[in-house]
Ligand SMILES: Nc1nc2c(ncn2[C@@H]2O[C@H](COP(=O)(O)OP(=O)(O)O)[C@@H](O)[C@H]2O)c(=O)[nH]1
Ligand SMILES: [Mg+2]
């Protein structure tokens, strides 16, 4: 069984239908049907000049008409190999400042990806770029500084601004985070041509209400167009929930048009379970949205919004000015392709900002440190990686093309050292192997990564 989401029109009704056959033809679908969730095999042409992918999105007529003209057609013959990162810092730096290889009719779009920690922002950026340049993990605050990724295709350059999750002064203090985490996302949005707001639909807290920090950001920059990306749809058992989530997070309005979503009337037992879930959830790493208005002065000072505006935002559930809504699984390349086409179509005439060989503005060393940190976060209890530091001892580009890297990991306690090393050194060996493999795909060469651990108070 699969679900197909169909929109007759934003003004009239929004329906969810259960379709028995995942490859059911779309011929009898409403002319306003945007795309079918698994309605067709990936990449199947619908006969109108553009392809359906399994991603499900609700979008504007203007965008669709541009798509229908063929601009955004997926064409496998124009596959671009993603750029890579030069393993030599100086070379990478000179590439970053190299004059862009400006084509005629160049187009550009700066995209700020914002959202609560763990929404999948870095996963989406990596998938869009075609290489894993940003660290990803289940633990919050994996991304600690903003960085950009550059996607260059034909005459279009998309600059992706991956941000740390929007956070508050209280959380920065609590988690001993860098102060820059507070300012970076705000500045990033200011510089963007499009804001992508990511929401994890598998997170019960995030689904009911937009993150307070996100709302503040959007309110402060109302002139920057924003789209909503509902992520991790693969984890949502009841796909019909997506429509309710969309209605909540958009205040029922998308691109100036009213949505009408009929809520599913739940049987009493289902309601009871939802109550129970709400009471018992919310432990561990989660950061609940909305709870930090008492953060007061910090928030106000940073956002430039008045106390009254902040108070009003606290009760605001969604943002009524999203241009479009996408429902994707960022881990799925096909889903993300749809979003990528959308960004390419949305790029405006303008000069490229980077040479087409640039993939990211991170230094090779930063990528290495972040990759190792990602594995530490993945495999160790959070207090260990949160209190660890790293130092690169050796960085050697061999004549045979291999890259030799040695990293020293400094832990705070003897007990942490034992955990990092693991039984018979298995943990540290695994982290080195997996981080080395990831780095090989970024630097496009064999990477030999060695890790050693030391206690340093
Ligand atoms: N199942 C599933 N997991 C996802 C998806 N997108 C991201 N994740 C996972 O969610 C976690 C947080 O992702 P990350 O990109 O680091 O989130 P960020 O903090 O917003 O940058 C990681 O464990 C990802 O593998 C998705 O579409 N489906
Ligand atoms: Mg991230």
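One is the number of the first residue shown, and numbering goes on along the chain from there.
Glycine residues also receive a Cβ, built from the backbone N, Cα and C atoms like all the rest.
So that you can see what the record holds, here are the features copied from Swiss-Prot:
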BINDING   115-122, 162-166, 231-234  GTP binding site
COMPBIAS  270-290  compositional bias 'Basic and acidic residues'
DOMAIN    107-350  domain 'Era-type G'
DOMAIN    376-457  domain 'KH type-2'
REGION    115-122  region 'G1'
REGION    162-165  region 'G3'
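The binding-site residues examined here are 115, 118, 233; by Cβ neighbour count within 10 Å, the least packed of them is 233. DSSP gives residue 163 (GTP binding site) a coil state; it is part of no helix or strand. Mapped onto three states, the DSSP output places residue 121 (GTP binding site) in helix. With a CB cut-off of under 6 A applied against ligand 2, none of the binding-site residues 115, 118, 163, 233 are retained.
Within 10 Å of the Cβ of residue 163 (GTP binding site) there are 25 other Cβ atoms, across all protein chains.
Of all Cβ atoms in the shown protein chains, 31 besides its own fall within 10 Å of the Cβ of residue 121 (GTP binding site).
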